[in-house]
Amino acid sequence: MQSSIKEKLSFLYKPYVLAVLTIGYIAGELGHYLIGVTSKATAIELVYGDQACQQNHTDFLRHELPAQCAEFIIEHECHQQHINGTVYCEWNYNGLGLEYQLLAGPSFIAVFTVMGVVLGVAADRYNRVRMLFVCTLVFAVAILMQGTVKEYWHLILLRMVMAAGEAGCNPLATGIMSDIFPESKRALVMAIFNWGIYGGYGIAFPVGRYITKLDIGGLGWRVCYYGTGVLALIMAVLTGTTLREPERQSIGEDAAGKAKVNLWKVLLQPRVLLLVFAASIRHSGGMTFAYNADLYYNIYFPDVDLGWWLFAVTIGIGSIGVVVGGIVSDKVVAKMGIRSRVACLAISQLLATPFAFGSVYFEPLWAMITLGISYFFAEMWFGIVFAVLVEIVPLQVRSTTIGVFLFVMNNIGGNLPILVDPLAKAIGYRGSVMFFYAGFYGISTVLFFITMFFMDGPKPEETATLGRDPTSHPNHVEMGHENNTFQPDDYLPSPHTNGANGHQRNIVSVRPSESSRL
């Protein structure tokens, strides 16, 4: 009886795995991005970063003020600003400065990227579910501990520990999901999972703003980290006790053969190099906005509470964009080949770029409208990038390649936003955010467009299906691509051929020198 019930419910296992992995990733990313929303409160208590003149009286609207607080760079002049005796400016830590940029970016990225490679290599050799359990447990404890810090360096150290644990989430979970979901759903599944980044980031706005203001138990911003850490601990337990290691499957181009793979040959392909560079620039634009959005809108619109708006845009509109991007990519790739996925990337970022400019140019209402439109198109990118990546690299080095890819992408994308501070001192904070955020969206559009021409286009139907029933193989993956790039020059066709034409039963063999792929 118990076995019968288990069999009937077995269809729920795959979506359950996706849900556990995604919620765990959301918890980790929430812990990652909370600093961008709680930074001002954290800086005031732990004493770090820049001090500036800021509006501290929300009863006054900006247009009612005789002078804007941000105009004053001398402390005593800041304190002299008043309306009918009511001082509306204060001189205090604003949550910005080099210390904040180091805390938000490099301290996390330095460990995250290195551990991503290490754990990616390990994922190709060891049990991924057990490793993911340990990783989730590590970042859960680190997030909890961040709520107890007394010094700035404590926060730096714990963010590094958190990064070490969170580094395993993407390569480990991506490997697990690619082995249990078919190609026809892969981009959508990857998009849903990687939306965890934006889910965590979006949830950080209301959690960081409003939970901090509630000052529960006099703990202020610390409660945000306690709650996030508890959620991450729950997901760690579910990961370790309810998930099972799937059988490793050959997918995409790797489904063609089991030849020995040279990792460097895979990594140094022009298409992989271009993809990682384009993704790095796009990631830098996203990270710039993620680390600076709350601070930016608080500085320029201090009398307008945009916390719930930012949450709604990020979670609501961003979610729709993620799903639409995955569905479009999955539907189109079957007809147009892997190149179509990269075309989706280029087109989506092109459409997002002008609206990204609008989100930091306009006043609050139109800023939120243009941000929503930008998010709809912009957030298609992450899941599609990794769907492309797992389909153009072989099984033997899949997780390792993802780890290296993330290492490069996060080192470039995660560290470039540190330049926001020096550029802001030269051209202003708004101009600096606009350049690194919207400007990098535009640059990534061009790079994705170039990358598209290095990918395989649609294949002739007779070549893709010649001599085989596509559903007959026990490890069938729909619309598999040949893997000749990774076959040695002395590769010989299998003796098990199909008829007089000499075609292999499962693939059509072409020597590497004859491949159109660079």
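Yeah, the Cβs are placed from backbone N, Cα and C, and that goes for glycine too.
In TrEMBL this protein carries:
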type	residues	note
COMPBIAS	495-518	compositional bias 'Polar residues'
DOMAIN	17-456	domain 'Major facilitator superfamily (MFS) profile'
REGION	463-518	region 'Disordered'
TRANSMEM	12-35	transmembrane segment
TRANSMEM	100-122	transmembrane segment
TRANSMEM	129-146	transmembrane segment
TRANSMEM	187-207	transmembrane segment
TRANSMEM	219-238	transmembrane segment
TRANSMEM	306-328	transmembrane segment
TRANSMEM	340-362	transmembrane segment
TRANSMEM	368-390	transmembrane segment
TRANSMEM	402-420	transmembrane segment
TRANSMEM	432-454	transmembrane segment
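Stretch with the largest number of CB pairs closer than 8 A to the transmembrane segment (368-390), among 100-122, 129-146, 187-207, 306-328: 306-328. Of the Cβ pairs linking the transmembrane segment (432-454) with the transmembrane segment (340-362) and spaced 6 or more residues apart, 3 or more are under 8 Å, so the two regions touch.
Counting only same-chain residues 6+ beyond the ends of the transmembrane segment (340-362), those with a CB under 8 A from a CB of the stretch are 187, 275, 278, 282, 285, 289, 296, 321, 325, 328-329, 332-333, 368-371, 373-378, 380-381, 384-385, 387-388, 430, 433-434, 437-438, 441-442, 444-445, 448-449, 451-452, 455, 458.
Proximity of distant same-chain residues to the transmembrane segment (187-207), defined by a Cβ-Cβ separation under 8 Å and at least 6 residues beyond the stretch ends, is recorded for 18, 21-34, 36-37, 170, 173-174, 177, 181, 224, 227-228, 290, 293-294, 307-308, 310-311, 313-315, 318-319, 322-323, 325-327, 329-330, 333, 341, 379-380, 382-384, 386-387, 390. Where the transmembrane segment (12-35) meets the stretches 100-122, 129-146, 219-238, 306-328, the count of C-beta pairs under 8 angstroms peaks at 219-238. The largest share of C-beta pairs under 8 angstroms with the transmembrane segment (129-146) comes from 219-238, of the ranges 100-122, 219-238, 306-328.
This prediction places the mean pLDDT of the domain 'Major facilitator superfamily (MFS) profile' (17-456) at 86.
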